[in-house]
Amino acid sequence: MRPREVLGQAARLASSGLLLQVLFRLITFVLNAFILRFLSKEIVGIVNVRLALLYSTTIFLAREAFRRACLSGSTQRDWSQTLNLLWLTVPLGVFWSVFLGWAWLQLLAVPDPDVIPHYGTGVVLFGFSAVVELLGEPFWVLAQVHMFVKLKVIAESLSVILKSVLTAFLVLCLPHWGLYIFSLAQLFYTAVLVLCYVIYFTKLLGSPESAKQQVLPVSRMTDMLPNITRSGAFVNWEEAKLTWSFFKQSFLKQILTEGERYVMTFLNVLNFGDQGVYDVVNNLGSLVARLIFQPIEESFYIFFAKVLEREKDATLQKEEDVAVAAAVLESLLKLALLTGLTISVFGFAYSQLALDIYGGAMLSSGSGPVLLRAYCLYVLLLAINGVTECFTFAAMSKEEVDRYNFRMLALSSSFLLLAYLLTHWCGSVGFILANCFNMGIRITHSLCFVHHYYRKSPHKPLAGLFLSPVLLGAFALSGGITAVSEVFLCCERGWPAKLLHVAVGALCLGATLGTAFLTETKLIHFLRTQLGVSRLTDKTT
């Protein structure tokens, strides 16, 4: 497949995923805002920090390395060996679930059962739900590699919405159930998610069109199960070695990704109530990252992995492949920078209002607004890091991945120490500052890799990180106007003043985006071209 065809598929995957996720996330956003008004800060802290950390750690350690290894390379491979390798995530998930569940019950302080009942049951069911989700891993990877555009987004979004609906119903009708509510909702979420994939592939493989077109490398559902291949090898050992390299990296990356939760959970630097407020603000602040940056990162990681060959630098690959990859990376960096700057500049003046609307006084008073303002800066770094790392991990050789692991080890240690110190110095905002430091180091490493990768070629994709002075001036002016507007109009002067504050922000945002449209013509051309390809492909499929 030609690189521009792969680019069209990646753009279609990202844009379609973006639109669907915005719709479904808005529904979930409303449901979660409703649920928050019926919960205490303490139970939010236990569920969203401690139990969610158990679940995410189990999932991440069991599958992240397998995903990265099996998404790399061509679709023309022995898929029986790849599927066998992916099924190993299930016993690995059982191991991590049992081990971490024991640690959560025996090594951590158990909350007061009168305030937060049924903690032990919550630990067991959250760990079990992680194992259930791993049952769908072979289906997920097969769908991603073959770029089934809407399946992933619909399955995940539908599962999240149904989980939120069930949680809201149980919170209203059976509030005395405590952690039973959230444990059952989590198990329901993973079951629905896996069923969506199983039902989709069952129908697809049973259709006459699929048999004629040979869309997939499997012809029936039993081919998805573990089996001995014709060559006699259970797995592809090259993929297995790459998986081990990514596993060492993923273990460290998990510490960096969830570092603040580990510090909160194991070092008790914040009480459960403060943990709850921090986590809600963290989830709200990362909403745009999940809606926009994550689909782009996942889709274009597949694009770079398909177009570029590992073990080779830019001078040893096809010129067309290198040129297309460089152009795409430059445009993605520009898009990430513009999006992150917009969130940082306008988020500063609208954090308190957003928290008041979302969760009421529980969030908008106290440390909530300061946390969200700091998080807006962190989102800018998240945006740039997501793009640079999706290229870096797709182009790195196995040896480079191993070397990166050692750097991540040092970074993990310094991050945890810095998070602990900053939290004692300035409270929960210290976690965000430590994350900013961590993200800055990772961005620096990725930028050095990109520069080194393209140093002998005429392509300069890092030019995407430079904006015109006119656009930077528009951002600075908008930031000043909205900051003054917040002082005089928000947030204790009633709804007419709040609405006027929103109107001022809308005018500034429109002027800033208009300036970007006029000055960043190369990016606009890229978006028009790829979104146009995306819409055309949607109509023909």
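Placed from the backbone N, Cα and C atoms, the Cβ positions cover glycine too.
Taken from TrEMBL, the feature transmembrane segment applies to 12-37, 43-62, 83-104, 116-141, 153-172, 178-200, 322-350, 370-394, 406-423, 429-450, 462-484, 499-518.
Same-chain residues lying 6 or more positions outside the transmembrane segment (370-394) and placing a CB less than 8 Å from one of its CB atoms are 68, 72, 277-278, 281-282, 284-286, 288-289, 293-294, 296-298, 300-301, 304-305, 308, 325, 329, 332-333, 335-337, 339-341, 343-344, 347-348, 351-352, 354-355, 401, 428-429, 432-433, 435-436, 439-440, 442-443, 445-447, 449-450, 465. Highlighted: of the candidate stretches 153-172, 178-200, 429-450, 178-200 has the greatest count of Cβ pairs under 8 Å to the transmembrane segment (43-62). Here the transmembrane segment (178-200) has long-range neighbours at 43, 46-47, 51, 55, 116-119, 121-122, 124-126, 128-130, 132-133, 135-136, 139-140, 143, 148, 151, 154-156, 158-160, 162-164, 166-167, 170-171, meaning same-chain residues at least 6 beyond its ends whose C-beta is under 8 angstroms from one of its own.
Counting residues 6+ beyond its ends, the transmembrane segment (429-450) has Cβ neighbours under 8 Å at 256, 259-260, 263-264, 278, 329, 367, 370-371, 374-375, 377-378, 381-382, 384-385, 388-389, 391-392, 395-396, 400, 404, 407, 411, 415, 418-419, 421-423, 461-462 in the same chain. Counting only same-chain residues 6+ beyond the ends of the transmembrane segment (462-484), those with a CB under 8 A from a CB of the stretch are 329-334, 337-338, 341-342, 345-346, 348-350, 384, 447, 450-451, 504-505, 508-509, 511-512, 515-516, 519-520.
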